[in-house]
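Participant: The structure follows.
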């Protein structure tokens with residue numbers, strides 16, 4: 001069966017594109033959603049007005065926060081939800097033989113025009129029990145949305161959270177690149193991971209398809225195969241390179257590079273660090289620089305980082321610098337930097353940085369000491385944390401030509417992270433759930449011997465309360481018709497299930513979390529879906545508004561999620577009312 005085209009649909013005068021992945025159709029669901037829909041229809045309950053909450057019960061990765069993502073794809077699914085004749089025929093074949101023809105006619109008519117979707121803004125930092133989405137509509141239709149919506153939110157939020165954790169550990173000043181395409185769980189996992197890593201704070205991706213789909217910046221250089229494919233400089237047939245301003249031509253760029261390599265090898269300040277470098281590697285670097293003279297970044301660990309890779313890179317970089325000088329204009333040809341893909345990243349990056357500083361002072365090349373150093377090699381959150389902690393306290397200093405430079409634990413400017421990031425190696429799934437909380441205006445509750453699995457009934461409004469320092473203090477859920485918490489007025493915040501856990505809060509700012517993203521037939525104003533870059537900016541701002549102890553890596557403080565006193569009383573009234581009473585004999 002062919003995948004459905006992701007053509008746009010129109011609602012209230014607005015065009016909404018179809019899902020990014022054409023496999024996201026109404027059939028992307030569990031069979032029991034259709035068996036329940038049939039049973040609802042058979043019982044005449046299919047149009048009963050239901051309210052479902054989508055939320056999760058525990059933060060991932062041993063942390064105390066989660067980043068919500070996947071909302072845009074949910075809205076695209078809902079906006080374009082319509083079963084084709086072929087899909088209905090397949091459903092008919094898949095259901096038990098007792099399925100009546102009238103149900104198939106019902107399936108032909110259904111869409112989400114009478115469904116309302118309220119959600120927290122994508123990229124928001126969220127916490128357990130608070131609804132990420134609230135879906136209202138005919139129970140059979142909303143039930144059919146359960147599985148695909150969970151599918152679209154679970155992985156997206158997990159990856160965005162993983163990326164945000166890497167960003168927090170790396171710090172604001174480091175560039176983070178997502179390199180996970182080849183290790184992701186298939187093309188769907190790879191495309192989604194690139195998008196949601198960007199939301200979580202990564203700067204760019206190597207995934208060209210994701211770059212095109214989502215306008216994410218692309219980054220990439222060359223592999224070890226490119227370096228080892230060369231045998232020596234004699235293979236370079238076209239050796240000329242015009243200067244950056246086109247005013248002159250270097251007829252033998254190879255010779256220019258080799259002359260610079262000789263100068264580096266003779267530097268007394270380096271104490272004869274470099275001997276004969278690998279000439280096939282040098283040929284590869286020269287060839288790559290000839291192809292990309294204004295974007296030369298070299299992978300330097302194919303043979304030996306310090307004895308070959310770094311000096312070969314420096315020679316090519318200095319030759320490019322010669323041809324990039326354009327009068328009083330800034331240098332147009334400029335080496336971007338090096339990439340390390342193996343070895344002791346802290347030591348190698350620090351040693352490379354010392355050499356870059358030495359060359360800057362010896363040859364008077366401005367900013368050469370700040371040449372970028374990128375590291376890859378199966379990095380993860382723990383590795384980044386370990387490298388960060390290698391910063392010396394107090395700093396050690398290296399002295400070069402009467403100048404003093406702080407020698408820190410590592411000198412990596414940019415991290416390329418793949419496997420552990422996109423596969424969420426530390427945790428397989430987030431575990432969002434989709435629970436009925438109201439039907440026909442009657443609140444419903446799901447009970448369990450495990451208190452963490454007890455649902456919070458009824459249609460709710462959710463608020464985030466901020467303190468005087470600007471940090472968020474607590475999230476509070478109230479009944480739909482309760483008054484909104486007011487700035488400067490004391491409100492009692494109660495733990496949903498623990499009687500003794502309660503606190504008064506006087507908020508300095510109140511933010512309502514759930515907004516209408518799909519109004520159905522309600523006539524309410526619809527919140528526009530923001531651009532991906534805006535979602536990323538929102539995520540970064542959200543993390544800045546969290547108290548540091550809530551988002552720290554080691555022993556984070558749990559964030560408080562509460563209910564109003566009135567909702568607390570109602571939860572426990574309904575709990576006692578619905579729980580069967582035991583009988584002793």
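Note: Cβ is positioned from N, Cα and C throughout, glycine not excepted.
Just lifted these from TrEMBL, have a look:
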DOMAIN    27-154  domain 'Nicotinate phosphoribosyltransferase N-terminal'
DOMAIN    459-570  domain 'Nicotinate phosphoribosyltransferase C-terminal'
Participant: When the domain 'Nicotinate phosphoribosyltransferase C-terminal' (459-570) is classified with DSSP, how many of its residues are helical, how many are strand and how many are coil?
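Facilitator: DSSP composition of the domain 'Nicotinate phosphoribosyltransferase C-terminal' (459-570): 23 helix, 36 strand, 53 coil.
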Participant: Could you pull the average pLDDT for the domain 'Nicotinate phosphoribosyltransferase C-terminal' (459-570)?
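Facilitator: Mean pLDDT, the domain 'Nicotinate phosphoribosyltransferase C-terminal' (459-570): 96.
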Participant: Kindly report the helix/strand/coil residue split of the domain 'Nicotinate phosphoribosyltransferase N-terminal' (27-154) according to DSSP, in that order.
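Facilitator: Split by secondary structure, the domain 'Nicotinate phosphoribosyltransferase N-terminal' (27-154) comes out as 56 helix, 21 strand, 51 coil.
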